[in-house]
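J.: Take a look at the following structure, please.
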Amino acid sequence: MLIGGMLFLAGSIINAAAVNIAMLIIGRMLLGFGLGFTLQAAPVYLSETAPARWRGAFTSAYNAFLVIGILSATITNYFTNRIPVWGWRVSLGLAAVPSAIVVVGALFISDTPSSLVLRGHPDRARAALQRNRGLDADIDSEFRDIVNAVNEAQRNDKGAFRRLFSKEYRHYLAIGVAIPVFFEFTGMIVIGIFSPLLFRTVGFNSQKAILGSVINSATNLVATLLSSLVMDHTGRRFLFIIGGLGMMVCEVAISWIMADHLGKHEGVTTMPRSYAIGVLVLICLCTFSFGLSWAPLRWVVPSEIYPVEVRSAGQALSISIQLSISFVELQVFIALLCAMKYAVFLFYASCLLVMTIFVAVFLPETRGVPLEAMRSVWEGHWYWRRFTKDAKLNSNQDSGL
């Protein structure tokens, strides 16, 4: 997190001071590297330090701050868009504020207990756990579970990625890959990034289109905060299913409205006010469903399902898949929107139907389960328990039992 914050800080300064395209590209590359470090480290850190009964709220807080950042950036763009010549420098340079907070904050927190035990520092791990839980808290049982989980992990000398792709870890890999792939095919990444373009398409002018994005980001924030409050009560699967169904209905409705306009007039970029407002409302409702479910849960679930020996590798794989698909999707979305018009939202709605069924059938519920006991969740699942039996058998054979 410290390295990521420093890279992000350097990138934002270079972007604000850019005098040519090369400096802008270098700055953006540094921002990308910084983002990669923090996307990998922060959700795992939150998951490993949070108490089991509040882990969903703690880890989803990461998404809440992401949304706050997006909302702040959108509001900044709304005002700097009116400043000629140098307004863009303010917009890019203000990214130094959150990156500086990350750098300073990372200096005052310790590593997670699991990470410290795994790297051979049990005394520091116990002190970190005691500090996290409070000086008067009884941590003996929890610390013992962490040590036992790490000892179990160290019985196998395979590397993390080799383990992750072996048969006994196939259930972790399947969910760890499915979540980021499905997330990208909710359609919300393109709605979020290209919402000003979408609002322009349905009839808003430039300034109103940015204002529409501000409203959309604010809706996302409200939904994310609500999700953080209820996640550890309702469970992960319930929010996935409700949010998926909500997004699917909204995207079908958006497609229907755009078909009534774009399909009949061959892409004419004006729309009656009632239609334009209807699209804005539906996008906000879709964003609310997204903020309640897939937006926070894409960080929560991958960070908690893996055992300690492959947790960092699994999270890295999930983030890499998500960013790779996001990159491709952002390159083709404009062409896809122009070619498919309203049908692009039907495509995403059909993907939502598939992923909602997958979650209902294959995703085990992890609410309130300590990370060290997460294997029991898989052992009780109707489908994945066959893989946990193989893992137990292999583990006993490796131990000579």
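Cβ coordinates are placed from backbone N, Cα and C, and glycine is handled just like the others.
Quick paste from TrEMBL:
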type	residues	note
DOMAIN	1-367	domain 'Major facilitator superfamily (MFS) profile'
TRANSMEM	26-46	transmembrane segment
TRANSMEM	58-80	transmembrane segment
TRANSMEM	86-109	transmembrane segment
TRANSMEM	172-198	transmembrane segment
TRANSMEM	210-231	transmembrane segment
TRANSMEM	238-259	transmembrane segment
TRANSMEM	274-295	transmembrane segment
TRANSMEM	342-363	transmembrane segment
J.: Where, among 86-109, 210-231, 274-295, do we find the most CB pairs under 8 A to the transmembrane segment (172-198)?
T.: 274-295
J.: Six or more residues out from either end of the transmembrane segment (238-259), which same-chain residues have a Cβ under 8 Å from its Cβ atoms?
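T.: The answer is 186-188, 202, 227, 230-231, 275, 278-279, 282-283, 285-286, 288-290, 292-294, 297, 341-346, 348-349, 352-353, 355-356, 359-360, 363.
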J.: For the transmembrane segment (210-231), what are the same-chain contacts with Cβ under 8 Å, counting residues 6+ beyond its ends?
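T.: Same-chain contacts beyond the ends: 56-57, 60-61, 63-64, 67-68, 70-71, 74-75, 77-78, 81, 191-192, 195-196, 199, 204, 239, 280, 283-284, 287-293, 295-297, 300, 367.
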J.: Hey, which bits of the same chain come close to the transmembrane segment (274-295), Cβ under 8 Å, at least six residues off its ends?
T.: 63, 67, 182-183, 186, 188, 191-192, 195, 198-199, 202-204, 212, 215-216, 219-224, 226-227, 239-240, 242-247, 250-251, 253-254, 257-258, 260-261
J.: I need to check the long-range neighbours of the transmembrane segment (26-46): which residues 6 or more away from its ends have a CB within less than 8 Å of a CB in the stretch?
T.: 1, 3-15, 18, 58-59, 61-62, 92, 95, 99, 102, 112, 299-300, 302-303, 311-312, 315-316, 319, 323
J.: Same-chain Cβ contacts of the transmembrane segment (58-80) under 8 Å, 6 or more residues past its ends?
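T.: Sequence-remote neighbours of the transmembrane segment (58-80) are 42-43, 46-47, 49-51, 87-88, 90-91, 94-95, 98, 192, 207, 210-211, 213-214, 217-218, 220-221, 224-225, 227-228, 231, 291, 295-300, 303-304.
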